[in-house]
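Q: Below are the structure tokens for one structure; questions will follow.
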Amino acid sequence: SKREIKMRKLDSTKVRPLKSEQLLHIEDHDFALRPGFGGSPIPVGIDVQVESIDSISEVDMDFTMTLYLRHYWKDERLSFRSNKNKSMTFDGRLIKKIWVPDVFFVHSKRSFIHDTTVENIMLRVYPDGNVLFSLRITVSAMCFMDFSRFPLDTQNCSLELESYAYNEDDLMLYWKHGNKSLSTDEHISLSQFFIEEFSASSGLAFYSSTGWYNRLFINFALRRHIFFFVLQSYFPAMLMVMLSWVSFWIDRRAVPARVSLGITTVLTMSTIMTGVSASMPQVSYIKAVDVYLWISFLFVFLSVIEYAAVNYLTTIEERKQLKKRGKASGMYSMDAAQAMAFDGCFHDTDVDMDLTPFPDPCEENETRESQTNISNADTPRLRRKRSLKGNVGRIILQNNHVIDTYSRIIFPSVYIVFNFFYWGLYM
């Protein structure tokens, strides 16, 4: 009636609808209900364009992805007359007034819609009621990773989409264009991974309280670049193992040199292992890199144990020789190298040591040297130099222990076999 129309004009609490809302008849329908409420489920098509994969975190076991998510459905309540059959495009302000699918990301940790300079939301309505709803989202979701082959691994991750409120009796999610519904930017790249493939799939998810739901999957496989870990972990470990073999070629009586070399390589290997473990999640199973580093550490540790055995057996051998010579002549006769190992003093000539206690062997040697040099000062010195130059190889072989000889062959051979087996198994 005229009176009701007049009252509506005078009512200042009501906001006059926009021209677009009048055209779409928004006030004439209850958009709290889905289209076709009470009938068959409404089909909602989905297509996705992946803009970038921003990061992959092994420690948190998640990934961050930026994508364009587009929904397609038909709502006859939004149909309108159009002489030119043109669609109407709106921004995010109209979304709150109509029905839109409540799609969410399963296993999502955090996500947001980009809002610079305004919310990145687009709504396009066609005259027949077909709707396109597009938004730009960055989402961080869980990726259940298996590090048993790390860093020679390939990780399979997926981003899952599902309706939160509407089960399969009310809403049917499907890929709009089948396998072609998922597209990616050509320039997507990651520092530590090579993206092998993207694929789209679908399935069902069951919840005991609410029933079955349609679920869509964005699957992608990531293969790790190995060169970084070769430079940071594998190559230093190889060098430390080979460096530990240098002690096999050092004189067995050079205790400080061999011990310090062994301890240095052991500590360096410990530092490498600690650095690798600090950048990885604390998993309860053994990773491939752990196998390699621990075996390398074992080789370095065994090189230290090898010298301990050599030193111990050398000491026993010298004691036996001293006892034999003492029984034969009543005193010990030893060469200069043995005497130096026994009393810690340098000797130029062979020394005879009595079994009885003596005050200071170094002083006795110095006295003997001074007496010898008085009679003949220059000739013995020249002879020693000539004999040293001509018999360096013989001296090294005489001072070499049989364990060192075998270690020079066994340690490298076993390590090479281990490397062939390791890389053949995991590559």
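Cβ coordinates come from backbone N, Cα and C, glycine included.
From TrEMBL, for reference:
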| type | residues | note |
| --- | --- | --- |
| DOMAIN | 26-225 | domain 'Neurotransmitter-gated ion-channel ligand-binding' |
| DOMAIN | 234-322 | domain 'Neurotransmitter-gated ion-channel transmembrane' |
| REGION | 361-380 | region 'Disordered' |
| TRANSMEM | 226-247 | transmembrane segment |
| TRANSMEM | 259-279 | transmembrane segment |
| TRANSMEM | 291-310 | transmembrane segment |
| TRANSMEM | 409-426 | transmembrane segment |
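Describe the structural context of these features.
A: Same-chain residues lying 6+ beyond the ends of the transmembrane segment (226-247) with a Cβ under 8 Å from its Cβ atoms: 151-152, 192, 257-258, 261-262, 265, 268-269, 272, 275-276, 289, 292-293, 296, 299-300, 303-304, 306-307, 407-408, 411-412, 415.
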Q: For the domain 'Neurotransmitter-gated ion-channel ligand-binding' (26-225), what's the model's average pLDDT?
A: 91
Q: Same chain only, please: residues at least 6 beyond the ends of the transmembrane segment (409-426) with a C-beta under 8 Å from a C-beta of the stretch. Say none if there are none.
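A: That would be 149, 152, 241, 245, 248, 288, 291-292, 295, 299, 302-303.
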Q: Could you break down the residues of the domain 'Neurotransmitter-gated ion-channel transmembrane' (234-322) into DSSP helix, strand and coil, giving a count for each?
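A: Tallied per class, the domain 'Neurotransmitter-gated ion-channel transmembrane' (234-322) gives 75 helix, 0 strand, 14 coil.
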